[in-house]
Each structure stands twice: as structure tokens, then as C-alpha cells.
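Q: Let me give you the structure first, and then I'll get to my questions.
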């Protein structure tokens with residue numbers, strides 16, 4: 001046992017100290033055959049995310065030496081524990097390790113032939129494989145000399161070049177195009193928008209950079225915000241006519257630039273084949289003409305086209321969720337329109353019957369049924385129950401039997417057909433969700449096929465080696481480190497042969513977004529950050545992982561609630577709030593220290609606890625300075641009580657559904673706000689300057705709009721519900737959305753303008769009703785889907801599905817952390833953490849974590865059907 005222990009300690013020492021060498025006479029760079037790049041990067045690749053461009057290449061090519069002090073026992077020696085210099089020794093022989101073969105490394109002359117598939121770009125091949133071999137045979141001495149020159153000069157870090165010739169225009173172009181295909185697959189963009197010519201690639205790259213996305217987003221937001229400054233404007237925000245017209249032209253110029261770049265790679269024919277581009281172009285042209293006309297005339301005019309400004313925001317890359325929800329609404333419209341036609345048929349039938357029964361009964365005229373149009377409007381309002389029972393009372397006063405008409409109408413139209421509408425929308429929405437997921441799976445598979453075709457070489461026509469995978473990933477995810485890219489490659493490489501087959505690469509999206517963490521024996525936050533109290537960290541981690549910790553924390557939350565209720569009843573100074581606030585902060589600090597901030601913030605509940613605890617502290621400090629705001633504590637202090645609802649399964653299902661609904665519901669809310677914006681613009685153009693005070697004197701609506709100038713308390717002040725500016729319009733539209741007494745607002749505007757103005761308010765109700773019905777259907781679908789998913793999967797299976805484990809040997813770890821080659825101390829500390837695991841297990845296990853998204857859940861639920869869907873893509877090779 002003693003000898004085994006000594007052996008383990010020796011192996012720990014070896015792995016923790018030597019971090020830049022491998023066992024044998026050659027360094028990793030010598031084995032990989034990596035030398036200085038002989039040519040610079042193509043200029044057009046800079047800006048696409050390639051790490052640093054030519055300046056970074058020049059900086060990394062500087063010579064450096066990293067001496068490592070000897071720390072092994074006296075009298076022992078090992079090649080692994082000797083001082084290591086990054087300057088390799090000249091060598092006439094080359095021995096390639098198994099690890100180098102797996103990565104696909106070699107001398108620069110090896111496997112640098114052109115790709116098999118150059119994509120759609122007509123790129124000339126500078127040197128074919130046969131020509132290259134012939135030239136090598138004709139000039140063997142020159143090759144040998146150049147090889148020796150490269151090996152005697154300072155080399156670049158392997159994490160940057162990794163043997164791939166990014167200076168090779170063919171491969172650099174293929175890496176970019178392969179990444180573009182994968183981005184189009186992830187964003188569900190049509191492949192018809194893919195650049196088809198080499199000359200159009202710079203325009204595509206420029207239009208798809210982050211800074212251009214932000215610029216386009218800012219231009220779209222500026223256009224929307226101009227409605228606050230244009231007549232009729234909010235008083236404090238009104239701008240001179242020349243200023244807001246110039247701002248509009250500037251924002252439209254940015255949007256026009258993006259459209260020009262898009263047409264650069266798509267061609268002018270796209271204007272007639274791509275509907276969204278056509279609508280955007282026509283809207284932009286009309287708005288430019290109107291803005292120029294405003295500047296020339298120096299006066300504003302009726303501009304209902306401003307209601308189309310949200311089109312530019314919806315087309316922005318950061319609003320993909322809004323576009324997706326809008327597309328779902330449009331796809332759901334056909335069955336909704338069918339149901340609405342049937343609904344209006346019954347409303348018209350009851351309109352005719354109501355006008356016949358109550359219009360001129362007993363020689364008197366019912367004000368709600370005196371004409372067919374008035375009868376239709378009042379029955380439409382009755383559909384919302386906003387005018388019930390007011391609409392019934394005149395006829396009910398004449399005959400008690402009239403109640404049968406209204407009961408039959410409400411039961412048929414409101415309780416039957418409106419619920420049938422929800423059922424139809426739910427069924428359609430569920431079908432669309434499955435079909436949308438099927439198309440997404442197929443689309444991503446096709447993207448992987450296209451990208452695979454661009455990354456195979458003549459020497460490896462059936463698979464992708466790491467060098468080319470890394471080159472593509474520097475374009476697809478520029479911020480990913482070498483370690484994460486290598487772990488992703490190894491997770492995809494199920495066969496373990498170092499080459500990704502087509503089938504393996506088609507699983508790219510399953511592993512592309514994984515968050516990797518090392519699973520070390522001692523992996524607590526204490527041990528990583530405060531080594532001197534590592535034992536305390538282990539004990540804290542064991543305690544937090546035990547059920548006793550949850551019981552203790554929940555008990556403190558209950559005590560906090562009891563103390564809070566006692567203070568409400570007794571009154572007095574709440575000194576105990578300091579005690580509980582301090583405890584909550586200690587609890588969260590302990591979790592962050594023991595588990596690490598990444599684990600805490602990746603959990604919704606832990607994040608909520610941290611926010612609630614911080615708010616509690618700030619509320620106490622705030623109340624200390626402003627005693628009159630003491631009621632603020634009554635809102636903040638009970639927040640932690642919400643965690644207790646997690647103990648019951650039903651509440652866990654509800655909260656779990658809420659977390660899943662947050663992204664799509666934010667998109668739905670954005671669509672509703674943009675709808676408000678469009679209707680506000682139209683409302684301001686139609687009703688901006690109409691007087692509503694005392695507009696309904698002598699009618700049933702007189703009490704709502706009456707104003708005697710005395711500002712008495714019994715006045716209802718409905719004349720304030722106007723469209724005088726954008727802010728006031730939003731308030732009015734929200735009141736219409738709530739439905740209560742919405743017909744009063746509609747009738748007041750109809751009194752002042754025309755009866756046709758009712759179409760504006762009725763159409764707004766129909767559109768919002770459809771949107772809310774779709775949102776309700778989406779919530780039902782998500783909740784029921786989650787319930788079915790939970791019943792079909794236990795917790796262990798779910799955790800296994802959301803994580804992927806990959807082991808790395810010491811040599812692989814040494815390779816992955818070469819990005820810290822210029823920081824020897826930091827690199828030594830990082831690799832020293834892995835010493836014990838490497839000594840005991842011979843490897844370190846990394847775990848990649850997936851986010852629990854609806855797409856992941858769908859893959860599990862439809863796992864038996866997905867293989868049939870994927871057969872559609874097999875011809876795309």
C-alpha cells in the first residue's frame with residue numbers, strides 16, 4: 001500500500017509540474033509539426049471573428065522560453081520533469097504521436113491539398129496534389145532546408161494555428177462558408193439566401209457582423225421612437241420638423257445600406273421572390289419619399305404609413321423570436337378566419353332577429369336595436385359582455401320573456417363558439433409546433449450536410465479532421481476557447497478515430513452550445529479560490545448537497561414569515577429584518593463559494609434567491625434613510641417565501657412551465673406592443689384633435705363624458721381617453737384590451753366623428769382577441785407538454801440527457817491549455833488542479849451541460865419519429 005501511495009504522489013507531481021512537454025524526446029510542437037506561418041491571413045477574413053488577424057499572428061510568433069523549476073525528489077529524473085523551452089531542438093527525424101494523428105496534425109506539407117468541395121465559389125486551386133508531389137520530388141533539398149528553417153525558428157502556439165493553413169484562401173473560404181451554413185441552420189434561415197458568388201461574400205459577412213446588427217437595431221428603434229417627437233407629439237419630447245425628419249432619413253439610410261448589402265449577394269430578383277424583403281423595400285421607399293416631402297414642404301401631413309415602422313424592427317436579427325411568433329400567428333389564421341366567419345354568421349342571424357323583435361316593439365323604439373347597424377354593433381359588444389345587462393334592460397322592461405333571446409345569444413356565441421375557437425386554435429397550434437420542429441430538425445440536418453461537404457479534404461474525403469473542424473469553429477463561434485472546441489470535437493467523435501464522419505458531424509447542434517466544466521475530485525469554489533480553507537469548502541459542499549441544508553433554509557424562511565406577520569400585527573421597530581437579511585446573504589455567499597457562481601446563476605431558483613436577498617438588503621438600507629418608505633419592506637421581505645411553493649409538485653409544474661414560457665412570452669409581448677404602436681399611429685391620424693368633453697350630452701353616455709368645470713368627484717373623466725399623442729394612445733388601447741366599458745370609448749369617438757370609426761375599435765378587439773387566444777393555446781400546449789414529458793421521463797434520465805461527459809488525458813489537457821503559454825504561472829496553477837485526478841484516474845472528466853429548452857424536450861418526445869424525418873435529407877450529400 002505504501003508503494004502504491006508513493007507511486008500516486010509521484011504521478012501527481014509529474015502532472016502538476018510538467019505542463020508543456022510530453023513523454024519522449026520531442027515536444028508537442030515537434031510531434032505536430034507546427035511551424036511559423038509563411039503567409040499572412042487573407043484581408044477579407046478579418047472582421048469575421050478570426051482571432052486577432054495578422055497582428056495576433058505576429059504577436060504569437062515571438063520567441064519565448066518558460067523554465068519550470070524541478071520539484072521531484074532528489075535523485076530521480078524524468079523527461080517530464082525537466083525544464084521545458086518552447087524553442088524546439090532541430091531534428092532531422094519526425095515521429096508523430098497517436099495524439100497528433102488523432103488531431104490530424106503533421107508538417108505543413110502534409111494534408112494541405114485543396115478541399116474536395118469548394119462550395120459554390122469558383123476558387124482556383126493554386127496547386128493540386130499531383131503537382132505538389134512532383135514539385136517535392138524535384139526539390140527535396142529545398143524542402144529539407146525550409147523544414148529545418150521552420151523548426152529552428154520560434155514557433156507559434158498550437159492552439160492558434162494547429163497545423164491549419166488559414167492563409168490558404170481555399171480553406172479559409174470553406175471555413176467561412178461552412179460556418180455560414182451552420183448559422184443558417186441554427187437561425188432557420190432559408191438556404192436560398194446563401195451567398196452564391198465569391199465576390200458577394202464580403203457583403204454577406206459585413207451584413208452579418210454584430211456591430212451591423214446593433215446598428216440596424218438602433219436605426220429601427222430610432223424610427224419607432226420618432227412617433228414621440230412628431231406631431232402630435234408628447235409635449236416634453238417634441239422636436240423641430242427638420243430635426244425629426246433628418247433623423248428619420250438617417251435611420252432609413254442605415255436600413256437601406258443593409259438592404260443594399262443583402263441584394264449584393266442575393267441579386268435584384270430577390271425583391272420579387274422574397275416577400276419579407278419586398279415588403280421591407282416598398283415600405284422603406286415610401287417612407288423616404290414622405291420624409292423628403294416633409295423636409296421640402298416644411299410641414300407635416302397625414303402619414304398612416306408610419307404604422308408600418310415595426311416591420312424594420314421585426315426584420316432585425318435580434319428579433320428572431322418576434323418574427324417566429326408572428327409567423328405562427330399568420331400560420332394559425334386560416335382556421336381562425338373559418339371560425340370567425342361562422343361566428344359572424346350567428347351574430348348577423350341574431351342581429352336580424354333582435355331588430356325584428358325589439359326594434360319597434362309596442363310602438364316604442366329600443367335604442368339598442370333601432371337599426372340593423374346599431375343592432376349589429378351592440379350584439380358585437382355583447383359578445384364581450386361589456387354592455388350586459390344594459391343592452392337587455394329596455395326590452396326586459398317591456399317583456400320578461402325577452403331574456404330568452406339574450407341567454408340564447410350568450411350561450412351560443414360566447415360560451416360555445418368562443419371556446420370552440422380556443423379548441424381549434426389549440427389543435428392547430430399543436431400541429432404547427434410539431435411540424436415546425438420537424439422542419440427545424442430537417443433544416444439543421446441539411447445545414448450539416450452542406451457544411452460537411454466543405455470541410456472534407458482529398459486526403460480525408462469521408463471525414464473531417466480536427467484541423468478543419470477548428471478552422472470552421474473559429475468562424476462559427478469566435479469566442480470559444482481551444483479547450484471547448486476540442487471537447488466538442490471529441491464529443492462528436494463517437495468512434496474515437498479522430499475523424500468526424502458525416503453522421504457524427506450531423507449531430508453538431510447537440511454539442512455546439514455545451515458549457516464545459518471539469519469534474520475534479522476536489523472541485524468546490526473554496527478549493528479553487530481559497531486554497532488555504534479547502535477542507536472547509538469540502539465540508540460546506542457536502543452540507544449544501546445534503547437534504548438537511550434545504551430543511552434548514554426553508555425553516556429560516558418560515559421563521560422570517562412568522563416574524564414579519566408578528567411585526568404587522570404588533571407594529572414597532574423591525575430589528576429582526578437585519579438578522580434574516582444577514583442570514584440570507586450568508587446563505588447565498590456560502591453557495592457561491594462552495595458551488596461556484598456559474599452553478600448558482602445557471603439555476604433559476606438560486607438566481608431568484610440571490611436577487612431577493614440583495615433586494616432585501618437594499619430595501620433595509622433605503623428605509624433607514626427614508627422612514628416614510630417603510631412599506632417597501634412589506635413587499636420585498638416575503639419574496640423568499642415563494643421558494644416554499646417549490647416543495648409541492650403541482651407548484652413545481654407551474655413554475656417549471658413559467659420558466660419555459662419566459663422566452664416565447666417575451667416575444668408575444670413584443671408583438672402586442674408593436675400592435676399597440678401600429679394602432680396608435682392610425683388612431684392619432686384619425687382622432688388626434690377631436691374634442692371629447694361633453695360630447696355625449698343628451699345620450700345614455702352623457703355621465704361618462706360630462707365636465708362641468710368643477711372637477712367634482714362623481715365625474716368619470718372618459719374624455720381623457722384620447723389619441724392626442726403616442727403615450728395617451730397606449731393608455732387608451734390598453735383600456736380597450738381590458739374590454740371593460742370599451743364600448744363607451746368607441747361610442748364617444750363615433751359621436752364626434754362618424755359611425756364608421758367603430759370599425760377601428762372593433763378591428764382592434766378582434767386582433768387582440770386572436771392574439772390572446774393564441775397565447776392561451778400556447779400556454780396550454782406548453783403546460784400539457786411538460787406534464788406528459790415529466791410522466792415519460794424520470795429525473796436521472798433527464799439529467800443524463802442534459803449532460804455529456806468527455807475524458808481528457810494529460811497530454812490532451814496540456815494541449816488544450818496552450819493558450820496560457822505566455823502566462824506560465826497561471827497555466828501551472830490551472831494544470832496543477834488536475835494533478836490528483838490524473839494520478840488516480842489517468843484522465844480528467846469534463847461534463848458539458850445543456851440548457852433545458854423546449855427543443856431538447858421535443859427531441860426526447862419525438863425520438864421515435866425523428867429518424868423518419870431525417871431520411872428526407874439523405875439525398876443532400
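Placement of Cβ uses the backbone N, Cα and C atoms for every residue, glycine included.
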Q: So which range, 140-168, 169-197, 401-429, gets flagged transmembrane segment in TrEMBL?
A: 401-429
Q: Among 610-633, 682-705, 706-729, where does TrEMBL put the label transmembrane segment?
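A: Of 610-633, 682-705, 706-729, TrEMBL gives transmembrane segment for 610-633.
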Q: Limited to the domain 'EF-hand' (480-515), I'd like the whole-number average of pLDDT.
A: 91
Q: Check for me, if you would, whether the transmembrane segment (339-359) reaches the transmembrane segment (654-679) - at least 3 Cβ pairs under 8 Å, residues 6 or more apart in sequence.
A: no
Q: Apart from its near flanks, which chain residues at least 6 from the ends of the transmembrane segment (401-429) lie with a Cβ under 8 angstroms of it?
A: 328, 332, 335-336, 338-340, 342-343, 346-347, 350, 353-354, 357-358, 379, 382-383, 385, 388-389, 391-392, 395, 773-774, 776-778, 780-781
Q: If you run through the domain 'EF-hand' (480-515) with DSSP, how many residues end up as helix, strand and coil?
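A: Its residues divide into 19 helix, 2 strand, 15 coil.
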